[in-house]
Structure formats: C-alpha cells, structure tokens
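Participant: Take this structure first; my questions come after.
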C-alpha cells in the first residue's frame, strides 16, 4: 500500500438495486446516501441496477427514474461524489448529460470484457463533461488476463483514467485476480488507476478485493451488507474491518458503516443477500449475478430448479444483456424433462 489512501466506491444504491428488483424509494436513497456520506466513503453510485435507462421489460422496471434517484442522493451528500453506471446500448450520451445535470460527477462506462470498443463515444463525452471517467470491464473471468489488459488499454486510449476488473459472476479466486491486475499494470500507463468490483458468490468478495489492493489496485467497490446482485458484492463494512486489520488507510468510519448496513439496508431485503444454493450456483457456473432473480421467477413459473437454469446458462456462456434467454433456457429444460 505504501501509505496511500484507498478510494472507497459504494455501490449499494446501484448494484444493490438488483437485490430488491430496482425498488428503492426516494426516502431509502436519501437515508442510505446520507449514512454513507457521514461515514466518509469517496463515491456513491446511484442508478437502476443495469445502469442509466436500465428500467425496461428486459431488466425490470424501477420504482423511480435514474434522475430522481440521483437527485435524491445528490441532495443529501456533502463529501462523497455521486457516481452512476452507463452500459453503451442501454444508456446514451444524452442520458449521461442528464445524469451530470442531476448531480452525478463520476461515471463508470461498462461493457462486456471483450467489447471495450463500444465505449469510445461515451468515455470521450464523459471526459468532455468533466466527469471522473472509469472503464468497467464486466464478466472479467470470461477472457484471459492478457486479453483483458488489451481491452483495458482501449478504454484508457478513449480517455478513461481508471479501469476496473469486474467479477460480475463472482466466479474468480485470488490467483485469477492477481493475474488480471498484473496484466493490467503491465499494459496501462503508470498514472492510470485500477479498480476492483467483486461479487460474493463463492464467499471471496473481500479476499479478492484484498488481493487486488496487494497488486496495486486503487479503488474498491463494495456495498453495505453486501447489497447487490447474486450473493451480493464485497460487504463494505467487512472489507473496511479487514483493511483496518491490515493497516490500510481508507478514511471511513467502520462503526457508522456497520450501523447503516444493519439498520438501513438489511431490513429492505425481501430475499436474503447471501451465499445459498442458487447464488453459489451463479459463482460456480460463472453466470452474471443479476440473472438470479430472473431465474428464480422463471423456475417458479415453469416448475424447474433455479440451479438447473443457472448451470445451463453457464454452459451456454450467456452474458449480461441476455436476460431474455433465461426463459428460452427454462422452456428447453422443461421440454427436455
């Protein structure tokens, strides 16, 4: 660590949307954002779980618009920057401008790990707006460290000043993480930051985040009580406790985060965010974590096991954006019974 301060990026109000089907109220957003700000996290990501304009039949309709959620959070924060997520093809540069006007100052432009080339316009426009612009390579387990580094280099070339390794399936272990950060560090400019976005499907969210920091990672994504898709993200309060034990500087208030996790976030979970049969299957099969709730719905509708659907999706190497294939797979499994 060499005494540097970690950048703590909270994702409770974006990835956490998946855990409750994108149904945060504006009051929920204000209370959680204020608690995070009081605990001195560096940024608070706010959007539909699938990013700006993710509210749709395919991904699930949100209780509010992205702009309403962003404005609600921006109204109560004094220290943290408001961040948002944009997936090219779902959100547009017009949506990004509106998010900026609503108060977002950080954007993570997210693509599948082999499709960085679709992010060029969005990254360039974000830089023109003056936003802190981050490249976000989802499902990073699905390509080699060397290929991932080449994709990261593309995003850097478009103007991203930080590139994330994103374990969307919660499928990687510490060696996988180390290999990817070493590859990125060898390819990127020294001044380009790196970030880690973990999921906890194999219970390795915190361990993988620690491994990333040990390899020089600058920014860590985490969420209160792990609130996120699948078994959730690296639980923020747990990561901070572990970072304290390691003597790392993070600038946040551990006990305030612990209180926010248990008092504000955990009570909102209509399905526990934890490692269980279904979420473990996500990590084991390497499936996009936000498929969980969609798979459980399809399993109930067609009289199937959600695990069977998840395993088949993994075999077919489905990726984020292919949520419509969940029903196809379910029908295939039912017909083959």
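The backbone N, Cα and C atoms fix where each Cβ goes, glycine too.
Predicted, not measured: the structure shown is a model, and the values here were computed from it.
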Participant: Would you identify which residue of 43, 55, 56, 168 Swiss-Prot lists as part of the substrate site it also attributes to 14, 15, 197, 288?
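Facilitator: Candidate listed by Swiss-Prot for the same site: 168.
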Participant: Checking your reading of the structure: which of the recorded positions 14, 18, 168 lie inside a 10 Å Cα sphere centred on residue 199 (Mn(2+) binding site)?
Facilitator: 168
Participant: Using the CB centroid of 14, 15, 168, 197, 288 as the substrate site centre, which other residues of the same chain sit with their CB within 8 A?
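Facilitator: The answer, listed by sequence position, is 11, 18, 49, 138, 166, 199, 228, 229, 233, 289, 290.
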Participant: What is the total of other Cβ atoms whose distance to the Cβ of residue 288 (substrate binding site) is within 10 Å?
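Facilitator: I get 28 for this one.
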Participant: Measure the Cβ-based neighbour count of residue 18 (active site, proton acceptor), defined as the other Cβ atoms within 10 Å of its Cβ.
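Facilitator: By my count, 27.
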Participant: List the other residues in this chain whose Cβ sits within 8 Å of the Cβ centroid of the Mn(2+) site residues 15, 197, 199, in sequence order.
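Facilitator: Surrounding the site, in chain order, are 11, 166, 167, 168, 170, 198, 221, 223, 228, 229, 232, 233, 234, 289.
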